[in-house]
């Protein structure tokens, strides 16, 4: 039974291939949002990831019979999911990088920008999720309406994708403007950091100069103290020499007088101790 349904589906798709190409070909014409997307592809990694997401969708739409087989399988949904995950990962990384660069900015401003970027990021994610759900819905409708015109289903999907792409690029433009709006804050924060760094360098330079001056003053005071100490030593030595010159004669005279006194005492003692002559001799 499944083989019969598959054969019937292939026959219907083969018969509608000519009409399908007429429906798809206008989609390949340049659109304003596609020009914007081409410009954005030279920007941030998250913009490149989102561009790959829409490039993949446009490639799917350019297929004829093969696209139906792909849509009836889960390959397209899985690949779109992978592209969505890649885009959201790049968005989160870009948001984290912005928050890190805005660290010197006031907490209130940083919180507001973070909230706005998170809201824009959520809208982009919702847009891509809507694309995936509509592809799943289209696949279900193809499976349920094999007896109806597949051209109508293709046209509906093409219209939905065109509208979703327009809305998505509108949200992307909002996200990009909000991210660019934070750049002046980043520049001001960098300028503020540069001024602070310059100010700290000036303060450090003045402090080093002041320390050098204090060091020179300390060296000068130390030299003066050493000079004064030397002068005091010389004065003390001179005073000691004068004292010595004053007292040496007096001491010598006292020593001579003491020596003379000792001699006299010794002579007196010696005379008194001499023996008296005897009458028997």
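Glycine too: its Cβ is placed from the backbone N, Cα and C atoms.
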Legend entry - Among ranges 60-72, 242-254, whichever one Swiss-Prot labels region 'Specificity for association with VLDL': 242-254
Inset, instruction - Could you tell me which of the ranges 39-49, 160-170 is annotated in Swiss-Prot as region 'LDL and other lipoprotein receptors binding'? - result: 160-170
Inset, instruction - Please work out the mean pLDDT for the residues of the repeat '2' (104-125). - result: 66
